[in-house]
Amino acid sequence: MAGCGAGLCCCCCPRCCGERESRTPEELTILGETHEEEDEILPRKDYESLDYDRCINDPYLEVLETMDNKKAQRYEAVKWVMVFAIGVCTGLVGLFVDFFVRLFTQLKFRVVQSSVEECTEKGCLALSLLELLGFNMTFVFLASLLALIQPVAAGSGIPEIKCYLNGVKVPGVVRLRTVVCKAMGVLFSVAGGLFVGKEGPMIHSGAVVGAGLPQFQSISLRKIQFNFPYFRSDRDKRDFVSAGAAAGVAAAFGAPIGGTLFSLEEGSSFWNQGLTWKVLFCSMAATFTLNFFRSGIQFGSWGSFQLPGLLNFGEFKCPESDKKCHLWTAVDLGFFILMGIIGGLLGATFNCLNKRLAKYRMRNVHPKPKLVRVLESLLVSLTTTVVVFVASMLLGECRQMSSTSHSGNDTLGLQGMSEDVNSSIKTFFCPNETYNDMATLFFNPQESAILQLFHQDGTFSPVTLSLFFLLYFLLSCWTYGISVPSGLFVPSLLCGAAFGRLVANLLKSYIGLDHIYSGTFALIGAAAFLGGVVRMTISLTVILIESTNEITYGLPIMITLMVAKWTGDFFNKGIYDIHVNLRGVPLLEWETEVEMDKLRASDIMEPNLTYVYPHTRIQSLVSILRTTVHHAFPVVTENRGNEREFMKGNQLISNNIKFKKSSILTRAGEQRKRSQSMKSYPSSELRNMCDEHIATEEPPEKEDLLQQMLERRYTPYPNLYPDQSPSEEWTMEERFRPLTFHGLILRSQLVTLLVRGVCYSENQSSASQPRLSHAEMSEDYPRYPDIHDLDLTLLNPRMIVDVTPYMNPSPFAVSPNTHVSQVFNLFRTMGLRHLPVVNAVGEIVGIITRHNLTHEFLQARLRQHYQT
């Protein structure tokens, strides 16, 4: 039976699915396969949603009653302390990764470079290649093993964090083991010479720190437990993840404002002013923590703050000898727009190729033993190492060193560059006063190669830049997606910088624009290619401006990124969105298409419900929980015509009917109070109901007219006792009986009530049922017990559970006639998990979850709408 949880339903295991032709599209997706006709992957239905909405039940109200201004201020102060701690810890994670990457990389290049210089004369370059292979393949092997320990640590982690901030719970994405494998794995991946970056995984690492630090507990460290009852909800956790992700961007690029905008642009659907301040404060803490320690370790000047991020672009300025040089002019904007178009085309090509590679891996690599993933990573490492070595030795040109290069060392050092530009020049196979341009780009850390393209006064030949761009484009596209922690920002920046420097060389050589600044074109090329790949606009513009520390670049960077995004979007989605779709994650976009307003809530809701009663026997609850996978259940009462007779002799049924009557009486009392205050009759519906009853039956004396309203008769439906479980054998009449909606209760809440024995016997009043506090209800968050793992033999199955104090009595709801755009905006902006559809008389007719709002689902329902 389809249901109302975030997961809706799980598909059967592969052994139960029969042949491939008989599998549903959802089953093919979970198995890593695609729809044969459209070759598109459908959203999976086994992803849970986060619940950003507060459950305002009795335990929560008890907390509010004891909350005064001092406690509220103390709670807010604790939250600010946590935000600061998240920023500091994220900065320390970045420091750890950067320190060991530099250590291992310097060791590798020092050994290999001395070997190359020695073997150049002796003719033993094959030995140098073997040494480089030994270093790289060892590091990559370790990185791949760490990704096998925690598979979600592979890749950049940005698609997973984007999903989490969008409201999807990705299994294992914010665990302690994930951040350990991520941080250690990425330093081995970068040190191993793969075309990956460490900046992207910093975003994932910061998000994990944000999710775990305020909890003061970890499933990996079960013995370490702290009595810290705060922040036990998806709402608080998601806010901290937003702060952690922003801190990761800030630590990677030294861009706290860009990090804040990244968290806003790429994921968080619910945002407010208070969260903005906290995220910005967290980003500042991460930036200055990393800056303080890196500046002290590398320059010995503690407190000077010279290195704001892991990647720093340095200072852009024209040579003092060239008086006609400008960083950019209005004429250059035309070239920048063309570069944006080309960057969008190149980014679309990169994404298309990488998507095909990812699908190939899903079909041919992932289903095989895990060792195959390690072998693929080693194959990529082997190929990359051989290409880098051979290209540096054979394809490079000897270029004359610029006479002004040595005079710029001090200035560049004062700007806190990660490597002195001129000290990273490689002279392999070149005479004095010349350098090997290809080896200078390949035989250096990627950050140093970017600085070479941005600031090196010497020239790189067009042939070298073209070959470097082509090789780097293909190898980085192949590398992104293998089973190692990896980022895409730095490879895209380096590839784009080579493209921009090539454009500058061509303009100087063939058009005669001798006074253009090559570094600006390299920067714009980097922005164009990166924007064409990831399709970010606002946050990426600010990140690049903060990284360059040059506000005058704001206009050209923004124009270039917008043009690159528009061009790329004409062909496909951004790389992160592509990988989200390949995982089948039900991601919600910012808004729906205009034509979707032809649909109403009744067209997309799930009408087949599994529900519970306000008072339900334990055996019924256990049966529902064990036979369904839904994560929430409507709490309802049935509308009967013979309630008085039905109540006799059954305390359980009597309690449920009394609860329904009290609810209706409350609404009727509010209606009468309103009518009296307006000196008018009650509403037509209420008056007609009462008049209809009076016409058919004379009411007893002293009986309130509002009580008579409860005797409204419906078409007779078969009676269902509350100790019975919903059955697949129900008739259509039984399945869609009128149900008065009273609230929602989560699976985790029901399991908690059963574990703690919250129930009462039939010969007792429901007031005798034990009461749980808000802290007790959330003690097991975020990993509540599984109903299948519980031993409930000590519980009497005939005992009754009163769920009304723990349900959410006032969830967001919509009417069946609500347009889809309104449903979508309410669901996304409020961060909902379940959205009941309730008609005008308070009866629940369906429920909407995230899967009912995905683009694929809406398109399918729109096609059905056109057909009917």
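Every residue gets a Cβ built from N, Cα and C, even glycine.
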The annotated transmembrane segment range in TrEMBL, which must be one of 240-263, 552-575: 240-263
The transmembrane segment (371-395) and the transmembrane segment (137-158) contact flag, 3+ Cβ pairs under 8 angstroms: yes
Recorded stretch, among 80-101, 327-351, 463-482, 519-545, maximising Cβ pairs under 8 Å relative to the transmembrane segment (137-158): 463-482
Per-region confidence, the domain 'CBS' (807-868) (mean pLDDT, whole number): 89
Segment-segment contact (the transmembrane segment (240-263); the transmembrane segment (519-545)) at 3 or more Cβ pairs under 8 Å: yes
Helix, strand and coil counts within the domain 'CBS' (807-868) (DSSP): 27 helix, 13 strand, 22 coil
